[in-house]
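Working notes, beginning with the structure itself.
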Amino acid sequence: MEPPTSSRLNPRKRRKDGSGPNGATELDGVPPKMSRRSVGLREPAPFSDEVEIDYSKPYIRVTYEEAMRGTPLDRPVRVYADGIFDLFHSGHARALMQAKNLFPNTYLIVGVCSDELTHNFKGFTVMNENERYDAVQHCRYVDEVVRNAPWTLTPEFLAEHRIDFVAHDDIPYSSAGSDDVYKHIKEAGMFAPTQRTEGISTSDIITRIVRDYDVYARRNLQRGYTAKELNVSFINEKKYHLQERVDKVKKRVKDVEEKSKEFVQKVEEKSIDLIQKWEEKSREFIGNFLEMFGPEGALKHMLKEGKGRMLQAISPKQSPSSSPTHDRSPSPSFRWPFSTKTPPASPGNRSRNESAVTYDISEDEED
């Protein structure tokens, strides 16, 4: 039975805009949380020439149905995936993760092509073969690494490594004079398709570097690389240094502008705060003033009370009508000026008061 097509797989794809954590899309949903534990490996994957294989047992491939049902622990499904893996990135890791999870019990073998084959059939690489071998070795999904892997898989190679299935994306890979180097693998029913991660590839990374060459050249000059190491001419070196100085000046101006904006914003906030406090105090002062000096204020009531007390103190008290009447005693004598009557005088004052005319009137006569 034929292996599943790519439509049955549902690996996560990375969008070009990089939305979501780790390139996850909205269709992926929220991954379930797991307990905090160490699931990483402590050592890199071994090379194939370092692994001992028991050739005494016959090489019998497992079918797709047997692989999906699950094989014994001592007989995992041996899946092979090959590539260049230059500038090893998350797209490579995701492809290997898919290959590792094709079956319940999978042993993943990864072949890495040499520099000679790669330069002849695909082009120049950024990393040399040893760097690429080492990068793949330290991928957590890899169980074994094949150095100097063949460009086209032969039956002898498949039998030597006892490979059950070959994992790769199902896009036809035309190379070495063939429309699809995996055509014979697909016809043999050994092909297990995976899906490419969109938005990330070695060519995309190189394109970014070439597009922004000046930026990265200046970056490395700042970090101590010489113009000779970067293959930069003398004129370009001076140009980059001048651009760097101009950028520093621009950055300083921008920092001053930002600080000025922050200062102005703080002053505005402080002014608004002061105005609000002034308005509150003004309302409070006006309210207190009206409460004291307004038409119905406390001062008016105080004046009324004071006026009433003054009038009460000035006006005499009226005798009550029910009080009993007493005979008044005769009032002391009162002398009227210009009176012809002379009151009786003492012998000592008689000569001095002879010319004075007085009347002795009582209180009854006055009434």
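Using N, Cα and C of the backbone, Cβ positions are placed for all residues, glycine too.
Given the structure is predicted, the values throughout are model-derived calculations rather than measurements.
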State the residue range annotated as coiled coil by TrEMBL; the candidates are 183-210, 239-266.
239-266
Other than its close neighbours in sequence, what residues sit by the coiled coil (239-266), given a CB gap under 8 Å and a spacing of at least six beyond its ends?
214, 217-218, 221-222, 232
Which whole number is the mean pLDDT over the coiled coil (239-266)?
87
Can you tell me how the residues of the domain 'Cytidyltransferase-like' (80-208) break down into helix, strand and coil by DSSP?
45 helix, 26 strand, 58 coil
